[in-house]
Amino acid sequence: MLLAVVVMAGVLVYVWMDPAQQSRVPPVAAGFGFAVVMCLLTFWPGLDAPLMRRIIVGLSSVWLLVNVLSLITTHRPVTSGLLLHLVMLGLLAFAWLPYGWAVGVVVVGYGALCMGALFSAAPDVTGLLLVGLALVMTWYLSRYGDSVQFEQRRNAQLVHLASTDPLTGLCNRRAGMEKLEALSVVWRAQPRCLSVLMLDLDHFKRINDSVGHGRGDEVLVAVARVLDRHVQRGDVLARWGGEEFLIVLAGVDAAGARETALRMLQEVRALKCLECPPLSASGGLAQLSEAGSVAVLLRLADERLYAAKEAGRDRLVG
């Protein structure tokens, strides 16, 4: 509505300053006043939004019919402003009214304008045909655009579900693997700046057995949040399976990756969960520079994870 006020103000200034357009000043001024009224309605405090929209469409329809009546009685030309008015009315109707009502408003408005053009000294048939095409396109988009958007949203949701671990909200194994492969290509020229950490919670089965799987799930969620605090943009954090997590650290050297991994283990150790035994985790760390492929990189990290387990758990190897 603010845009309509600005446009009408510009048109009013233009016709006011042009001596040849003085006869158009009164109707343009009335149109400007009408746009101001509609704009004020949108800011009316406490006015119900659906009611406000119906009022605006109704007033726009009445104003169009008044202009058509003027067209019939004065035989003035069909102006671009009148054609634009009908297009805007169609947009508002299809956006704000029930489908049946919107079609009715547009059909009546277009029919009235075509009838008025029969009495006009310059009917602008080309403009009327283009407006008709624009209204048909508006109808089509309003009718079927929602279906397209719904399918797009549903596909996006399916992609999200297919790549997300439902418990922790992290990437699942498949998505984590895809992101690791993509990062390995990005950092191929600097393999020392890409590290993989395989992290596994120690004695997690004891938690499930002692306090139940529900509490075990709470522990996994808490650990996921702790780990997430240490990953940066461009890193990857995925639930690899069960109580095992994959962390891909990009853009840091081996020393930086090891420091981050140790902080993660320390924060897991500091977690306190009601009725749960003390928590700890073991980790295996490997760099892309040590491996010729992603498969070898994962195998190295996994072997070092099991070496940490064999060495007594609650430690990092790599």
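From the backbone N, Cα and C atoms, a Cβ is placed for every residue, glycine too.
Matching 101-119, 291-309 against TrEMBL, the residues noted as transmembrane segment span 101-119.
Beyond the ends of the transmembrane segment (54-72), by six or more residues, the same chain brings 1, 27, 31, 34, 37-38, 41-42, 78, 82, 85-86, 88-89, 92-93, 96-97, 105, 108-109, 112-113, 115-117, 119-120 to within a C-beta distance below 8 angstroms of the stretch. Mean pLDDT across the domain 'GGDEF' (192-318) comes to 92 in this model.
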